[in-house]
């Protein structure tokens, strides 16, 4: 999905021209350095040991997923024992972890992308039972009937959410492009929501002019929202995806600003925002009028009365666009 273009000699990010293309002053650079110095002791940056631990946990989960899918292939497809290695799933991360905004207490959102031989029922029973055998897993529970079905667990002290999606293929391609809209074809709503987590995370990051400035600004915004009790969807406030989109939009409007400037603009922009207009990082794409896509809906207040009732619409950038 295209998020940037060139207009009048400058790069355009998002659906409008930037408000300002000015660069930072010397004092802005000093203030951003002070900002980062303030953020470091707030427990917002993962240590090298913590990064290695998270990587080991993901590698362990990936091994369990690979073994589960291969056993499933033998059972469901009657494939000989020496063949299942050709039938492979992928474990994909998304959310804050994928965007490189990792703190010691950051949970990890994962998508278990499986071949068609693996059903949702098998994932939430057989794979769940395989996870139960791992010694360092606690608080393991499956929620297959959730709006977005999920297996939740704590692995070696790290909170992890595992989502499921399967593709109409015998194996998941090594270089699969989850941003290709064709991947959604013939998927049901729940599966599309699961896979959209990866798509949204990647597109948010791709939509900003400077990824490091975006990450630093978002760390501060999340810290502020947490301390104000505003970072929770349970209480009908915004969650991580919405805060990331709000931050990314400000980065688009001021592409050359540093984090200290972006933070000031964040509060000024949304204090004055006309909330009859949604916050969007790109134009909403119409759902293709072809078989396999007809069940999907995008945010459309003109034709959907429910969408017209949204008080603060913040629209995800991937196809199957909605307010998170």
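Every residue gets a Cβ built from N, Cα and C, even glycine.
Per TrEMBL, the features are:
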BINDING   94, 95, 96, 161, 222, 231, 240, 241  ATP binding site
BINDING   107  Mg(2+) 1 binding site
BINDING   107, 161  Mg(2+) 2 binding site
COMPBIAS  1-10  compositional bias 'Polar residues'
DOMAIN    14-208  domain 'Poly(A) polymerase nucleotidyltransferase'
DOMAIN    213-320  domain 'Poly(A) polymerase central'
REGION    1-28  region 'Disordered'
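Counting only the Cα atoms, the space from residue 231 (ATP binding site) to residue 107 (Mg(2+) 1 binding site) is about 14 angstrom.
In the shown protein chains, 20 other C-beta atoms lie within 10 A of the C-beta of residue 222 (ATP binding site).
Cβ neighbours of residue 95 (ATP binding site) (same chain, under 8 Å, six or more residues apart in sequence): 107, 108, 109, 197, 201, 240, 241. Taken over all pairs of the listed ATP-binding residues (94, 95, 96, 161, 222, 231, 240, 241), the Cα spread reaches a maximum of 20 Å, rounded to the nearest whole number. The binding-site residues under consideration are 107, 161. Their Cβ neighbour counts within 10 Å are lowest for 107. DSSP assignment over the domain 'Poly(A) polymerase central' (213-320) gives 46 helix, 4 strand, 58 coil.
Residue 96 (ATP binding site) is surrounded by 22 other CB atoms, counting those within 10 A of its CB over all protein chains shown.
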